[in-house]
Amino acid sequence: SVPRCYLNKQLATVRVLKGDPAELSCTVSKDNVTGTWFKDGLKLTSMDGVVFEKKGLVHKLIINKAEDIHAGKYRFEGGDVKTEASVFVEDPPQVDKVLLKNLTSVPMVAKAGEGVKLRIPFKGRGPIRATWLKDRMELGDDTRIRVDKTDTCTTLSISSCDRRDCGDYKVRLKNDSGVVEINLKLVVTDKPQPPAGPIKIVESSTNNITIQWKPPKDDGGKPVQRYLVERQQVGRNDWETLGETPRSCTSFTTSKVEEEMSYYFRVRAMNAEGASDALESGEVKAAGKASPGAPDSPEIISASRDTITISWKAPRKTGTSQITGYIVQKRKKGTVTWLPVTKVPVKEKKLRVTSLKKGVQYEFRVAAVNAAGTGQPSDPSEPAFARDPTKSPGQVQDLKVSSSDGTSVTLTWNKPEVQDGIDVKGYEVEMRPCSSLSWTKCFTLPAESTSCRVRGLQAGEKLFLRVRALSDSGPGEASELEACAGAAAPVVSPRLLIDDTVKSFLVIKAGSPIRVKIPFEGSPEPVVTWLKDGLPLPSRAAVSTEDGSTQLLLRAADFSDGGTYTVELGNGLGNRETFSFQVQITDIPQPPGAIRLEENVPSTVTVTWDPSASEQWEKNLYYTVLKRESQKGLWHVLGDLIYNNKFTFTRVVPGRDYYFRVVAKNDLGASDPSETVQPWRIWKTKAEFRVKAQKYRGVNQNQPPRFLVPLKPHVVVTGSECHMSCAVGGHPPPKITWYKDSRDLSRDPNYFCTNDFGVCSLVVLGVTKQDEGEYMVEASNEVGRAFSKAFLAIKGTS
């Protein structure tokens, strides 16, 4: 809308953006009145860009396109009407809209090692301060980063970017008319980090070696496409390429092995930018003649005060020759050393271990022996006490399948019947396929749990499940049932269920937790990935995903946690969905720095201080200045809402001690104060000044006063200083008197007046809203009088 000022209603000012139209209007009482417009005291008959209109009783002055020359005080006189208003032309920083859309709509992408240059041209009334920020921290020049500014543009240059430079950038342009902020995003792509290690040896036999690794923690900003696997024989220098695997496969099996030969393996991740550094394995030795595989863990059959009887089953892989016996070993629970139980292999698959220490808990393991040697040992048995048997807990009650889907079965049961002296300590859940007789342990649950979900099943797969109660005396008798996984669920594309509880912008106080929970759906169950500024989450972040929702938790936020967080769903079928939200961290400001006091103008004190460290991240920070007149007196506020680091106190009484205090504030509260330690005092002793006036030799004698340079309107910010000046001629030298709203300022200590050979100045110290108004300077001598007026407008800081 067009800024308008109706002079009859005494609206004193109109503010208009540079280039925009503005309108002044005045209504007179009679239609035949011919009105006259004045600007800065001069009659206006014509002016570039200004149109005069009269419609009936309404007289209008229309500015089609406001420029700096249109700022000033306008007056209308016509008939019995005489009124005026001031026009201020605002010119805040501006950036071309097409350029702004191009910069903010699409992230800038650069390759690692390349130089990046972000140039933002702007226009607006100078001086314009340009600030570049990344993740809320102001950027300065260093060995890689350079910030340049001219009167028309600002440029951020990064000589050789890397992945650290990814993130959100902000350009803040500010002048006395306003602020504009531009948000940019920079993505730096690079080759991936090495795959996450260590390389795990899944199998090593005479014919095959299978290795396994984990995806890299950082894919370089582009998806990993494949993995390259190489091998080196111990003792040689050259590496042999074995093959590649797709991104979804993180294991590799090679059959190019020789018996008892040792190898090193290495894996590289590859994306569109190239191959990562290699993740290398330790020495891996291929097996010789086929020795037996490892048996299953031994089972505890019985126990007494000094004996424990165990049994086991033959290993699934017997090797190339018949098993001739078994090596049995024992160890005390909590130790690492295994000790042989017998000196020669045991032929039976059962052994009564004697000479044990009463009350001690033991573990056992077994290794099969054939002609090729001793095979791999089994996993340890469950720990068992050497003590006389006690009653085992009874069977669990009402074991049943409560629900199932295409990939899982949920079991529920009730606790065993209560028996004297027997406390259930937990439950053990085991499973076996219908095609096998071997049981596999699924879970060990606490006593409070009476349900569990067995995952990772195939649709329609049948299996047997059993549950037994556990106590200090050992496991109870198992309850068993047959179960079947349900039919495969239909494919449902992954979808994040975003509602009003999930915010796209969060403001978190430092030290408080960040907790974001997002529900989702999809079948098969999607894989959830969280990122911060395009990179994996910091190690402090905890992510939990269960029952159709995923949660991000950081227990105590700090300023490094601010940024863009992204949650991504994928189902392995190419379907993906993402959601991003911003997190801003704020806090009560830190105290200002050291305070300095100076007497720049007589009978005043200028208080300056080092900025609070919080200015780097808090754009709404301001300061309050307080003073007291004794070491134990009350503090009184001198100035508030101060957005710079300077304040001038004008009502200083000579001979009195003053103490000053500065506090930083924002929306959350106030910092601890910064205070002066020593008192400030202006001594009463008056210095004697002697000014020897030069002899004035004027050519034009007895001239009335005239203004060589008139007063000009001013717009200043609250708390700053305002200097108003003009130049006066005349002989004899005129007497100068300053007025505000017709009030003589000669004896007002809030104003400082000077007259240096016709150059007259008025200094308003520590401007407040009450200082706004019309100022007039009067020059008079015995020949005549002259006046010059100007309007002072006060605006709050942004």
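Glycine too: its Cβ is placed from the backbone N, Cα and C atoms.
TrEMBL annotations: computationally assigned, not manually curated.
Taken straight from TrEMBL:
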{"type": "DOMAIN", "residues": "3-74", "note": "domain 'Ig-like'"}
{"type": "DOMAIN", "residues": "194-289", "note": "domain 'Fibronectin type-III'"}
{"type": "DOMAIN", "residues": "294-393", "note": "domain 'Fibronectin type-III'"}
{"type": "REGION", "residues": "372-407", "note": "region 'Disordered'"}
{"type": "COMPBIAS", "residues": "392-407", "note": "compositional bias 'Polar residues'"}
{"type": "DOMAIN", "residues": "395-490", "note": "domain 'Fibronectin type-III'"}
{"type": "DOMAIN", "residues": "494-586", "note": "domain 'Ig-like'"}
{"type": "DOMAIN", "residues": "591-688", "note": "domain 'Fibronectin type-III'"}
{"type": "DOMAIN", "residues": "705-788", "note": "domain 'Ig-like'"}
Chain residues outside the region 'Disordered' (372-407) and at least six past its termini with a C-beta under 8 angstroms from it: 288-300, 302-308, 310, 312, 315, 317, 319-321, 327, 329, 331, 333, 338, 356-366, 413-417, 419, 421-422, 424, 427, 450-451, 455-459, 467-481, 483-489, 523-525
Three-state composition of the domain 'Fibronectin type-III' (395-490), taking helix and strand from DSSP: 0 helix, 51 strand, 45 coil
Residues of the domain 'Fibronectin type-III' (591-688) by DSSP state, where helix covers H, G and I: 4 helix, 41 strand, 53 coil
